[in-house]
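Read the structure below first, then the notes.
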Amino acid sequence: MRTGSRLLLVLLVWGSAAALNGDLTVRPTCKPGFSEEDYTAFVSQNIMEGQKLLKVKFNNCAGNKGVRYETNSLDFKVRADGTMYAVHQVQMASKQLILMVTAWDPQTLGRWEAIVRFLVGEKLQHNGHKPKGRKSGPVDLAQQQSDTLLPWRQHQSAKGLRRQKRDWVIPPINVPENSRGPFPQQLVRIRSDKDKEIHIRYSITGVGADQPPMEVFSIDPVSGRMYVTRPMDREERASYHLRAHAVDMNGNKVENPIDLYIYVIDMNDNRPEFINQVYNGSVDEGSKPGTYVMTVTANDADDSTTANGMVRYRIVTQTPQSPSQNMFTINSETGDIVTVAAGLDREKVQQYMVIVQATDMEGNLNYGLSNTATAIITVTDVNDNPPEFTTSTYSGEVPENRVEVVVANLTVMDRDQPHSPNWNAIYRIISGDPSGHFTIRTDPVTNEGMVTVVKAVDYEMNRAFMLTVMVSNQAPLASGIQMSFQSTAGVTISVTDVNEAPYFPTNHKLIRLEEGVPTGTVLTTFSAVDPDRFMQQAVRYSKLSDPANWLNINATNGQITTAAVLDRESDYIKNNVYEATFLAADNGIPPASGTGTLQIYLIDINDNAPELLPKEAQICEKPNLNVINITAADADIDPNVGPFVFELPSVPSAVRKNWTITRLNGDYAQLSLRIMYLEAGVYDVPIIVTDSGNPPLYNTSIIKVKVCPCDENGDCTTIGAVAAAGLGTGAIIAILICIIILLTMVLLFVVWMKRREKERHTKQLLIDPEDDVRDNILKYDEEGGGEEDQDYDLSQLQQPETMDHVLNKAPGVRRVDERPIGAEPQYPIRPVIPHPGDIGDFINEGLRAADNDPTAPPYDSLLVFDYEGSGSTAGSVSSLNSSSSGDQDYDYLNDWGPRFKKLADMYGGGEED
């Protein structure tokens, strides 16, 4: 019985198309492919960068021209001669590494593969022979099932040779994408060497089997053949990792699971796709060949490690083809577009449109797939064209004394891009204007230079200016470009003479003099100067402002004299200064005028006597309780004011007898009682105040002193204050008159209110509130809904004599509001009651009737009853005219009361006169 078991893997070897179709009839003499199917190399644990590992041999039966090698690892590459080397330093993580090497012939598009094994630190032995790889080539599908076993070791023992269990390393399974089938398509066969002893069931697990995407791969549980069930797409998934399991019929594990790695071989089924369909770039005009412009990028979804995903770029067309049809070139691998020729000039060509093509298969136009994009290259402007004046000389004219006036417009020509720093002009005056009268501003729209006056020019000083101006750009000129001689021009500016206003050389002229000078005094001569030296003109003077009307000016020579006495204490004086403004006007065309201000500083003289302060005060009856502080005010200033002298006059003698003054200092003194007691009242105390002027002035002022009884604090009591007020006879009479007028007004108001109340009471007696129908509308004919026809002539109803046309109408249907046809009843005529001779009797009669019936209204109301239709429900109604005299008795109406007295008078008759 064996001590170990084996799990066998039968691989399908992918070869040429003839092998896939099972065509075994044609076997060429030269069969393209690798010399071996498996290559083995022994390597160290640490592989150095560039280290040669082995050399594979391949023959395409055409001299291997154009054959390219690829590996499925980024760590290793194969040179054109088949030498395999390490791209960089590699640290082997396991004892064995298996790679796949692919040879690709771009002419026939054939692909051949071989397995390369790297074994770390051991020499592989197999019966003393190096294992041979299997040659790839067309084989029959029926013959593809073969057992692939790794060499095993035999160990010497006491019992002889013993076969040990082998470790299986399954090489990757490569499946081309986009296969057309038929499906399912067999890939490999998995078999255990125990299948001869027991029944084994095989299964696979992993992504693509029992995990999404589900059922991409399947396995025959009995034979162990594994299939792919549908076309593969490497762009969806590039590899699959499955595990193969072998169990018995009871589900017990027979072999350890083995790992299956399935790689989807890329096919060229995706075109390169540009990231953008339109790329925008720019390059300066005049750039040298080789100047970088922009980069275009296209991505290919195919494997970038194979030719299927290797994109190459080229320029298809260039528009316009000026000055050369090949102004740009592109790096075929990176997509960088650079200039290849000189002569880029924005003024000639501002933009290029370049069509770029990206092709995979390393740019092979015969086999590769392509796509295009547009690159728009804008030639940016550089300052390679200096601005130039359109003419060498310019001229202008300006009136004198004018500023912010445009004298001349300077035009330039610049072929650079408008409204850019390379085009915007800057003007400078380089000579001819040392005083800075002019400046040149740039019009942002037209780029013209506007020569502007910023400092007024004087015709009498300069009649003309000769300016030299230069123009440049905001941006400096490009390297190698020189300024043009046309960038400089001359500007001639003529100054025209205008009538200038006269001016006062010493404006705000200040003079000093004492106040009080007499009228007619000559103060000064305030003359003006006419700057127009070349014009014969006369200057006339007049007053413009003289607030106090104190001054006169001579209209010819400007001499100023006083028209009134100047008073320093006047309200028109501010800080001892009086200001007046004068006008000087010439007789030019048009006339011009100027103003000047004269300031007169008035020196004070002692012309104002001091005034005593305060004017009123109060003091207690007893002299020891309080005093009055007094001072003085003087309209003058030092030294014509204090110190002041305060004294009492000698006449009348009672003043000095009752009062006394005590000096405190030069400005203040105290007034107090001299006697021990003074009766409460108001006293006029005269005081003489003298200033310190030269000569001194004095003034006798009256101070009203209220003498009143005081409390212990020295304050006047209320009674004392009233008594001290001392109302005079006139004040008392005025107060009495006011009181009498007020009482009279109150009395008149009371009388008026009484009369009004009496009238209101009288009217209330005549009117019952319930029967008061004044200002009320009483409707007696409301019978529901109102009259349908409101459009009728009321006058026709009131004038029967106008109804003849109605009587003549033919019988028929009539409106209910029409007057009935036929004779109307005649009522007896009531005797006429003579009108009362006296209107008073008539009024009294009505008043008596109202007194008898308090509910009667104060006046009669006219009630109008409209006609309500013809006919009656009664059989017959006798005419009023045919009724007997007994029927005409209306005496019972007299019993209805005063409210029906009028009705009784109308129908009851009356006594004959």
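Keep in mind that glycine also has a Cβ here, set from the backbone N, Cα and C atoms.
According to Swiss-Prot, the feature signal peptide maps to 1-19.
Per DSSP, the secondary structure of the domain 'Cadherin 1' (167-274) breaks down as 0 helix, 53 strand, 55 coil. The domain 'Cadherin 1' feature in Swiss-Prot is assigned to 167-274; the stated evidence is sequence analysis.
Look at Swiss-Prot and you will find 167-731 tagged as topological domain 'Extracellular'.
On the 0 to 100 pLDDT scale, the domain 'Cadherin 2' (275-389) averages 93 in this prediction. Look at Swiss-Prot and you will find 275-389 tagged as domain 'Cadherin 2', backed by sequence analysis.
For Asn280 (N-linked glycosylation site), the same-chain residues that are 6 or more apart in sequence and have a Cβ closer than 8 Å to its Cβ are Met294, Ala375, Ile376, Thr378. As annotated by Swiss-Prot, N-linked glycosylation site applies to Asn280 (among others), with the evidence given as sequence analysis.
Taken from Swiss-Prot, the feature domain 'Cadherin 3' applies to 390-504, supported by sequence analysis. Sorting each residue of the domain 'Cadherin 3' (390-504) by its DSSP state yields 3 helix, 51 strand, 61 coil.
Annotation source Swiss-Prot lists N-linked glycosylation site at Asn409 (among others), citing sequence analysis. Neighbour count (other Cβ atoms within 10 Å of the Cβ, all protein chains): 13 for Asn409 (N-linked glycosylation site).
Summarising the annotation, Swiss-Prot assigns domain 'Cadherin 4' to 505-610.
The feature N-linked glycosylation site is assigned by Swiss-Prot to Asn554 (among others). Residues near Asn554 (N-linked glycosylation site) in space but far in sequence (CB under 8 A, at least 6 apart, same chain), listed by position: Tyr541, Ile560, Thr561.
For 611-721, the entry in Swiss-Prot reads domain 'Cadherin 5', with the evidence type sequence analysis. Look at the domain 'Cadherin 5' (611-721): DSSP puts its residues at 10 helix, 51 strand, 50 coil.
Annotation for Asn629 (N-linked glycosylation site): same-chain Cβ neighbours under 8 Å, separated by at least 6 residues, are Leu664, Tyr668, Ala669, Gln670, Leu671. As annotated by Swiss-Prot, N-linked glycosylation site applies to Asn629 (among others).
Under the heading N-linked glycosylation site, Swiss-Prot lists Asn658 (among others), citing sequence analysis as support.
What Swiss-Prot records for Asn699 (among others) is N-linked glycosylation site, and it gives sequence analysis as the kind of evidence.
Annotation source Swiss-Prot lists topological domain 'Cytoplasmic' at 754-913.
Taking Cβ-Cβ distances under 8 Å and a sequence gap of 6 or more within the same chain, the neighbours of Asn699 (N-linked glycosylation site) are Ala609, Pro610, Glu611, Leu612, Ile688, Val689. Secondary structure of the domain 'Cadherin 2' (275-389), assigned with DSSP and counted as helix (H, G, I), strand (E, B) and coil, comes to 6 helix, 50 strand, 59 coil.
Distance between Cα atoms for Asn658 (N-linked glycosylation site) and Asn409 (N-linked glycosylation site): 96 Å, as a whole number.
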